[in-house]
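Have a look at the structure below before the remarks.
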Amino acid sequence: MPEPQYIAMAAVMAATAVACLTWRDGRPRRIAGVLAWLLPLGYILVEVVAISAGTVPYDPSAQPMSDLGVTTCGTGTYPLADYPICSPLHDLVNWANVLAGTGIAAGAMWLRGTWPPGRRTTAATVLLVVFGLCNAIPGLIPADVDFVAHVAGTLPGMVVQIPALFLLAAVLRRAGATGPARWTTVCATATTLALVLIPVQPFLDLPGGLLQRALYFSVYLWAAVAGVERYRATRPAPLMAATGPASR
């Protein structure tokens, strides 16, 4: 039987899904979208805390992010982990993963109305929802609990963000939003380069942990900036106070 924390995680994701499907577009929904896209920044902070709390050495430049969510201590806690792992704050890391991923998915839907309409925007929104859900999987299914499900659930999330960001960059460029389009292109390029380098990392002795973080964190940073920018770009202009004799 699943532990209560995993049931709670699934309940949070289900409740968020209901809110995404039933909450009508408007200012409160868009504000919630901005806040949701800021949640992944919290995951980055949690990582820093979890690394400092570890009882065995952890090298973020070499080790995968999943190691911080492993629920047991020892060597060989999951396939491919032939080194010691012990992350006392694994519960916090796993919750941060679930909230970050759920936030990306929910924010994509809640901010849908702030992007120029069209099929490209719709496709990008769907891809970002998939990306977010795949990012929640590592917290819901840690590597030492079910390694196959852990990996299978995260694989699509290594790819789908790339076309999503390039599609949104094209949409923004066409709408004349040059600055946001450039920011989106930069982040899309960063996550693409990381994905290209990850498969050859063992042969070129590249820092696998840093590449994985570049893959995901470039999207996290993009979302934090893009969410605020989209809300500010589409919020109604404040009414100007009337002036002159008629206003007195």
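Note that Cβ sites are derived from N, Cα and C of the backbone, with glycine treated the same way.
Listed in TrEMBL:
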type	residues	note
TRANSMEM	6-23	transmembrane segment
TRANSMEM	35-58	transmembrane segment
TRANSMEM	92-111	transmembrane segment
TRANSMEM	123-141	transmembrane segment
TRANSMEM	147-171	transmembrane segment
TRANSMEM	183-204	transmembrane segment
TRANSMEM	210-228	transmembrane segment
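When the stretches 35-58, 123-141, 183-204 are ranked by Cβ pairs under 8 Å to the transmembrane segment (6-23), first place goes to 123-141. Long-range contacts of the transmembrane segment (92-111) within the same chain: residues 5, 9, 12-13, 16, 19-20, 23, 29-30, 32-40, 42-43, 46-47, 49-50, 68-69, 71, 125, 128-140, 142, 157, 219-220, 223, 227, 230-231, each at least 6 residues beyond the stretch ends and with a Cβ under 8 Å from a Cβ of the stretch. The transmembrane segment (35-58) makes no contact with the transmembrane segment (183-204), as judged by fewer than three Cβ pairs under 8 Å among residues 6 or more apart in sequence. Listed by sequence, the residues of this chain that lie at least six past the ends of the transmembrane segment (147-171) yet keep a Cβ under 8 A from its Cβ atoms are 66, 78-79, 101, 115-116, 118, 120-121, 123-125, 127-128, 130-135, 137-138, 140-141, 181, 184-185, 187-188, 191-192, 195, 198, 215, 219, 222, 226. Tertiary neighbourhood of the transmembrane segment (210-228): same-chain residues 33-34, 36-38, 40-41, 43-44, 60-61, 64-65, 100, 104, 107, 111, 131, 135, 158, 161, 165, 168, 180, 183-184, 187-188, 190-191, 193-195, 197-198, 201, selected by CB-CB distance under 8 Å and a gap of 6+ residues from either end. Same-chain neighbours of the transmembrane segment (123-141): 6, 9-10, 13, 40, 65-66, 69, 93-98, 100-109, 112, 115, 149-150, 153-158, 160-161, 163-165, 167-168, 171, 216, 219, counting only residues six or more beyond its ends whose CB sits under 8 Å from a CB of the stretch.
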